[in-house]
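Below is one structure, written out as structure tokens; comments come after it.
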Amino acid sequence: MIVIPFAIMVVAFFSGVTLLFIIARFLLGIISGIFSCAVPIYLAEISPTGLRGAVCSWYTVMYAFGVIAAIACGHPDTLGDDPWIIMMMLPIAPIVVQMILMRWCPISPRFLLIKQSKYDAALKVLKWLRHTEVMDPLEKELEEISTELEDYFLYRAVRYVQWNQLFKMRYMRKPMLISIMIMCAQQLCGINVFLLYSSAIFEEAGLPGFYGDLSTVILGIVFFVTSIISMFLIEIAGRRMLMLYGYVGSFIFSVGHYLTYLYNSTRHECIGAVTALFMWFYIIHYALGPSSIPWFIVSEMFNQSSRPKAMAVAACCNWFLNSLVAITFWPINTNIQAHVFLIYLFCQMVLFILLLKYLPETMNKSITEVTKLYM
């Protein structure tokens, strides 16, 4: 499916028809939205409880790798002054690899058992996923999955859940609002400002040319490496701890970045370097938890019936705010300069208080156990 928009972009490039490029980008956005919902859900459903956070974090690790690739390929010294046709062709390789590997991706055992009532098929898939023939742990895991059908309300929801029930039914309303809250927190901290406009920010901070480009590359590398570290910490420190610690750290270094960015009117390189340092430490703390956890903790708070719709709503909020922050940053920055970062600081402070009060700990809990917290 993703091949279609890339083919349209290639045609748009050679034909010079701007409308085709817009259509391709629109289709690519839809497909990216589908992936951002389906991949975290699938990973959460096939992962063992004790490794669910680590496995699901691979989604963000690959996203961070994509950031590095975009930074490297987007520089004029890498692919020349007009790299667009090359960059449009680059995704073909991972697309082909994905299409080949998809034949080894089994249907989720949770989907097979709950949605299709295929116990034997679910058991077969679970044996392959866990690489064991020992029946006791396999039957125990299938029993945990099947408990979603035992409660009357969950049983009814499996078959008849509607979009409005996400906000009307008590056991779905609170986790839905928490899911929206953590997606808002992820984007309103201003992360996309630093990822999308880092080179321009470094230049305004007093690091032009080579030093600004180098700082941007380091920022991407820091994001990628810390995302890998976070993958191991999630199952040790827990979701809630990493989320809260990440937001505290990112808030502190956001304040430092704002102050140095504000008072560096002379664009002195030394102060610009300090500004870059604050940005790097901001990225480190963001990547430790706020980057990855929102994408899979939603799947941990909903049962099989409501999980796809809940993830769709949460992802929609995430991508909407992603676009809003990216589009509005420069117009606001033009009018109030460095004070634009005060908006993100205020949002971080308010959302941290809400997270501190309402965010649950889901580590080492089955999806059924988490769901019952809101019954």
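Even glycines carry a Cβ here, placed using N, Cα and C.
All TrEMBL annotations are machine predictions without curation.
Feature list (source: TrEMBL):
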- 1-363: domain 'Major facilitator superfamily (MFS) profile' (DOMAIN)
- 6-39: transmembrane segment (TRANSMEM)
- 51-72: transmembrane segment (TRANSMEM)
- 84-105: transmembrane segment (TRANSMEM)
- 176-197: transmembrane segment (TRANSMEM)
- 217-237: transmembrane segment (TRANSMEM)
- 244-263: transmembrane segment (TRANSMEM)
- 275-298: transmembrane segment (TRANSMEM)
- 310-330: transmembrane segment (TRANSMEM)
- 336-356: transmembrane segment (TRANSMEM)
Taking only the residues in the domain 'Major facilitator superfamily (MFS) profile' (1-363), give me the average pLDDT of this model.
84
Using a Cβ cut-off under 8 Å, which residues of the same chain at least 6 positions beyond either end of the transmembrane segment (84-105) come close to it?
2-3, 6, 9-10, 13, 42, 69, 73-74
Name the range, of those listed as 6-39, 176-197, 217-237, 275-298, 336-356, that has the largest tally of Cβ pairs under 8 Å with the transmembrane segment (244-263).
275-298
Distal contacts, the transmembrane segment (336-356) - CB-CB under 8 A, six or more residues away:
181-182, 184-185, 188-190, 193, 243-244, 247-248, 250-251, 254-255, 257-258, 261-262, 329
Dominant neighbour of the transmembrane segment (51-72) in 6-39, 176-197, 217-237, 310-330, by Cβ pairs under 8 Å:
217-237
Residues sitting near the transmembrane segment (217-237): Cβ under 8 Å, six or more positions beyond its termini, same chain?
50-51, 53-54, 57-58, 60-61, 63-65, 67-68, 71-72, 194-195, 198, 245, 276, 279-280, 283-284, 287-289, 291-293, 363
Listed stretch, out of 6-39, 176-197, 275-298, that has the most CB pairs under 8 angstroms to the transmembrane segment (310-330):
176-197
